[in-house]
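**Student:** Feature table excerpt (TrEMBL):
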DOMAIN    8-188  domain 'Guanylate kinase-like'
BINDING   Ser15, Pro16, Ser17, Gly18, Ala19, Gly20, Lys21, Ser22  ATP binding site
Amino acid sequence: MPDTARRGLLIILSSPSGAGKSTLAKRLMSWDPTLRFSVSATTRDPRTGETDGVEYFFKTRAEFEAMVVQGDMLEHAEVFGNFYGTPKGPVEAAMGEGRDTLFDVDWQGGQQIRNSTLGKDVVSIFILPPSIAALEDRLRSRAQDSDDVIRSRMEKSLAEISHWSEYDYVLVNDDLDRAEEMLRTILTAERNRRDRQVGLSEFVRKLNREFDAR
Ligand code: ADP
Ligand code: 5GP
C-alpha cells in the first residue's frame, strides 16, 4: 500500500539510449508494485512488442501539439527527431495519493521537471554504461532499431552523458543485479528523509505525551 503519511516522489531516470533505464525501471516496479511508471506521449513509431498506453501513448504530431497547447504536459522535448512528453494529470494524481512515480526521460525532461513546482520532490538518477562498446552492444542486442537509428543514438550518447552532473545520483549499470540493488537503496533512503515524512512531528508529540503519562 502507498504510504499516505508521505508525499509522493518523482524519480527521474536518465541515460544515453541503451544504458538500461527501461530494464531497471521494470525491475524496480516488480520489486515495489506501488511504484507508478509515468507513461509518456511520443510521436515516434511503436517498436515491435510495444503497446499503446503501456510503454508510451503513441500520438501523431498534431495530437501531441494539441496536448502541449492545452497545457496537458508537465514537460516535453524533441529527442532523436521525435517529440516526447509527460502527461501532467496522472503525475499530480499519484502525488496526491502519496505514490512514487518513475520517469524515463532525457536530460531536457529531467531539467524541466526539476524546475517545475514539483521540483522539491524530485530524486534524479543518471545511469551510465560501463563502456561505450557495451552501450553499442546493448543497442544492437536489443534488436529493435535499424542500423541508422542505432548510429544516430550512438552519436548523441555523449551529449546525453554530458549532463551527468545535474543528477542527484549517478550509477554505472555494469551488473544488472547490482544496479538494481543500488536503485532500491537510493529509493529506500530517499523515502525516509525527515522532510518527506509528513506525520513525524505528530508522532514525536505522541511520544512526548506517552512520556509525560508514565
Ligand atoms: P534504455 O531504456 O536505457 O534505452 P534498455 O533498458 O532498453 O535501455 O536496455 C538496452 C539493452 O541492454 C536491452 O536489451 C537490455 O536487456 C540490455 N541491458 C540492460 N542492462 C544491462 C546490463 N547491466 N548488462 C547487460 N545487458 C543489459
Ligand atoms: P526511446 O525512443 O528509446 O523509448 O526513448 C528515447 C529517449 O527519449 C530516451 O532518452 C528517453 O528517456 C526519452 N524520453 C522518453 N519519454 C520522454 C518524455 O516524456 N520526455 C522526455 N523529455 N524524454 C523522454
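Keep in mind that glycine also has a Cβ here, set from the backbone N, Cα and C atoms.
From a predicted model like this one, the values you see are computed outputs, not experimental measurements.
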**Student:** Neighbours of the ATP site Ser15, Pro16, Ser17, Gly18, Ala19, Gly20, Lys21, Ser22: Cβ within 8 Å of the Cβ centroid, same chain, sequence order.
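**Tutor:** Close Cβ neighbours, site residues excluded: Ile127, Pro129, Leu135, Arg138, Asn173.
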**Student:** Kindly point out which of the binding-site residues Ser17, Ala19, Gly20 have a C-beta less than 6 Å from some atom of ligand 2.
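**Tutor:** The ones that qualify, in sequence order, are Ser17.
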**Student:** Tell me, if you would, which residue among Ser15, Ser17, Ser22 (binding-site residues) has the fewest other CB atoms within 10 Å in the structure shown?
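**Tutor:** Output over binding-site residues Ser15, Ser17, Ser22: least Cβ neighbours within 10 Å is Ser22.
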**Student:** When you measure from the Cβ of Gly18 (ATP binding site), how many other Cβ atoms are you left with inside 10 Å?
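**Tutor:** Excluding its own Cβ, Gly18 (ATP binding site) sees 23 Cβ atoms within 10 Å.
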**Student:** How many other Cβ atoms are found within 10 Å of the Cβ atom of Pro16 (ATP binding site), counting all protein chains shown?
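**Tutor:** Pro16 (ATP binding site): 26 neighbouring Cβ atoms within 10 Å.
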**Student:** Out of Ala19, Gly20, Lys21, give me whichever of these binding-site residues has the highest number of other Cβ atoms within 10 Å.
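**Tutor:** Output for this query is Ala19.
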**Student:** In the three-state scheme derived from DSSP, which category covers Ser22 (ATP binding site)?
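**Tutor:** In three-state terms, Ser22 (ATP binding site) counts as helix.
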